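So that we are looking at the same thing, I have put the structure below in structure tokens.
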Ligand code: PFF
């Protein structure tokens with residue numbers, strides 16, 4: 001069996017016909033891609049960056065970025081993966097070969113693999129926070145907590161490198177362990193209850209926030225667009241987050257697309273993934289901000305926002321121990337399914353490019369990831385004063401990947417798809433039946449999407 005088919009079998013389960021294995025159905029792919037998209041980005045990151053960037057105007061720009069940039073690019077990435085049938089670098093190289101273009105385009109795939117790898121190193125640490133909060137929530141440690149006490153509790157977690165490293169390591173071991181054992185069946189089965197469960201829990205939290213918190217203040221904060229509160233950097237953060245939340249420009253969607261059966265409509269599935277992902281983020285915002293305002297907390301409090309806000313609610317609501325415990329464990333599992341998708345490009349790339357076994361690839365990448373994750377761990381305590389351009393190690397890594405590598409990688413992918421590949425190849429592989437609809441997407445991808453990325457970039461640099 002070739003390395004390729006080993007990789008495919010372990011990702012996609014037993015349906016291996018001598019070539020790459022495939023997802024069992026369109027639904028399996030939708031679940032896996034939604035599992036990748038929905039994670040810490042929606043529930044942890046979206047609320048805190050919205051708070052830091054002033055609310056409504058930021059949300060509006062973020063939604064526009066999802067529509068004009070995120071969805072067209074998501075479709076392009078899944079298409080490249082499916083047609084190239086390899087890891088991101090291999091898939092782009094295959095497509096470039098087919099188009100008679102330079103093989104240098106493959107660097108775009110390498111950049112995506114590196115970006116996913118870097119993100120996973122800090123993603124695992126934050127997922128560890130959710131794991132750490134699960135037993136605390138379930139055991140009633142949040143009972144009667146006020147804003148100050150909740151802040152102190154979170155501060156104590158961040159100040160403890162052993163605990164942060166321990167939980168971060170646990171997340172890495174779980175992620176890579178699952179990937180090494182073959183993920184399709186487990187992933188499909190767990191996502192089937194996880195996604196609806198997460199939705200229901202978020203709805204309960206929104207209901208609670210609506211009845212006890214300052215709900216209308218939160219609605220105004222999230223949906224009244226006051227552009228004077230939005231800086232150039234804020235616009236870039238909104239763009240970066242559209243990439244982050246849809247798992248773009250980091251190899252995940254290309255890698256998952258490479259196991260997608262032919263004949264599945266990429267357009268429809270991509271739109272469904274984007275809707276589910278955006279819905280979860282908006283629900284998270286509606287659950288959290290009423291509580292932020294009701295408890296006199298600061299919307300711009302930064303990465304600790306949900307870990308400080310939600311425990312107060314869990315400490316007060318009836319059955320808070322059950323709801324809180326379930327919430328944090330589901331957040332941890334949602335993070336795990338995203339982490340799995342973040343690790344797949346690196347593992348497929350290592351094993352396919354260097355001809356090593358998948359297990360070796362898992363062990364090598366695991367060791368490197370663990371070392372790098374310590375940088376994030378220490379940036380919250382021992383190294384919190386060590387900064388580069390005013391940013392800690394964690395902030396720098398986040399900025400480098402989300403706000404630089406993702407938009408630039410995304411721009412290059414859009415240009416590659418729209419200007420290097422032939423219209424015929426793209427139309428054939430995309431599976432949009434109506435010519436007018438395809439035309440609309442094609443023009444969007446060729447003109448509007450790249451210009452929009454460039455405009456945001458130049459705006460954030462202060463060019464206009
Ligand atoms: N989309 C994930 C989230 O919102 O939490 C994060 C992520 C997963 C980013 C996979 C990039 C990626 F390739």
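Note: Cβ is positioned from N, Cα and C throughout, glycine not excepted.
Curation does not apply to TrEMBL; its annotations are automatic.
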With the ranges 81-106, 107-132 to choose from, which does TrEMBL describe as transmembrane segment?
107-132
According to TrEMBL, which listed range is transmembrane segment: 271-293, 294-316?
271-293
Given a Cβ distance threshold of under 8 angstroms, which distant residues of the chain, six or more beyond its ends, lie next to the transmembrane segment (443-462)?
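For the transmembrane segment (443-462), the nonlocal Cβ contacts are 65, 68-69, 72-73, 76, 232-233, 235-236, 238-239, 407, 410-411, 414-415, 417-419.
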Which listed stretch (27-44, 56-75, 164-181, 235-259, 361-384) has the most C-beta pairs under 8 A with the transmembrane segment (404-422)?
235-259
Who are the long-range neighbours of the transmembrane segment (193-215) in its own chain, taking Cβ under 8 Å and residues 6 or more past its ends?
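Residues 31, 34-35, 38, 43, 276, 279-280, 283-284, 286-291, 293-294, 310, 313, 316-317, 323, 326-327, 330-331, 333-334, 337 contact the transmembrane segment (193-215) from elsewhere in the chain.
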Where, among 107-132, 164-181, 271-293, do we find the most CB pairs under 8 A to the transmembrane segment (361-384)?
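Going through each listed stretch, the top one turns out to be 164-181.
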For the transmembrane segment (107-132), could you work out the same-chain residues 6 or more beyond its ends whose Cβ comes under 8 Å from its Cβ atoms?
39-40, 44, 87-93, 157, 163-164, 166-172, 175, 244, 249-252, 254, 303, 307, 328-329, 331-332, 335-336, 338-339, 342-343, 345-346, 349, 365, 368-369, 372-373, 375-377, 394, 397-398, 400-402, 405-406, 409, 412-413, 416
Would you kindly check 164-181, 235-259, 271-293, 319-340 and say which stretch has the most C-beta pairs under 8 angstroms to the transmembrane segment (27-44)?
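Answer, by Cβ pair count: 319-340.
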Could you pull out which residues elsewhere in the chain have a CB under 8 Å from any CB of the transmembrane segment (271-293), counting only those six or more residues past its ends?
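That would be 30, 33-34, 37-38, 41-43, 46-47, 50-51, 59, 63, 66, 70-71, 74, 195, 198-199, 202-203, 205-206, 208-210, 212-215, 217-219, 221-222, 245-246, 299, 305-306, 309-310, 312-313.
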